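The next block holds one structure in the form of structure tokens; read it before the comments.
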Amino acid sequence: MFFNFLLFHIIFIISLLRVDVLLGQQQDETQSGETEGKPVNPRNPRNRFQGRFPTRNKKIRFGGKEVREFDKNEAPKKIRNKKKIQIRNPFKRSPKSQKNNKLNIKDYLRRLTLSGKIWHHVWHKCKRIECYSQNNFAPLYGKFLDEMNLYRKIHRSRPLELDRILSEAAMRDAKRSAVNGKIMSSANPSFGENSIICSVLSAPFTVYNWYRERLKHNYRTFCPLSQSLEFTNLVWKGTRKVGIGIVRKGKLLYIFFKFWPESNQNFKFRENVLKPKYHWYNSRNFFKS
């Protein structure tokens, strides 16, 4: 009796296990069939970005010119427009206007020297063509005279006076030179002379460039030196008067200086072209007296 009851329970348990196995196999077959009919790709980009780009050929604009197109059926791209990083060369000079380059260089480069301070003192309020070209370049006459007398002060020479007769002679030579397109001097032995043809923009540096010839001058010489003739005319101690003539032709200026009494005389250089006498500690008082 007992054995019959035990056998019945064993058969009942085995039948239940078989039913569970059959149901599990049927569920696996159903899931596999659905997978074959509609494969699922969890990394399909359309599932993530289809809502953001609902239309084909979606356009995104960067700024005013650059446009980038996107397709919802393609793999997503990064929308951010990365700008290229440009490495700046610290040794490369920034381009400057050629028109004002010369003015800027000479204005600031040599300001620490005495000649640079003199130039800046005379021209800092009138170094543009709009200023010194007024009334047929009338401001140039006064600026040239002031700058020249300050240079003469360094070499212990008296300031010069602007003379009308000498200015008329300088103007005649300037007009004749402008007509011929080259320097035409009167060759009067009783006058010393400085003359130049320069551009209108570089006119403020005329006397400054003449004075820079001092770097090539030998103060022990007895005779004129070709590399410093204009400098010695400027600072010649025996000179008392000067005449200035300026004529414009196109973009050029014809400038003449006439000195009286005659400068650059042979065997008189040592007593008329003196070495500069200047001390840095009294530089502030230089322009006051």
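Numbering starts at 1 and runs along the chain as displayed.
Keep in mind that glycine also has a Cβ here, set from the backbone N, Cα and C atoms.
As annotated by TrEMBL, compositional bias 'Basic residues' applies to 78-96. Residues annotated as domain 'SCP' in TrEMBL: 143-267. Marked as region 'Disordered' by TrEMBL: 29-52, 73-100. Annotation comment: TrEMBL describes 1-24 as signal peptide.
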Helix, strand and coil counts within the domain 'SCP' (143-267) (DSSP): 53 helix, 28 strand, 44 coil
Mean predicted confidence [pLDDT] for the domain 'SCP' (143-267): 95
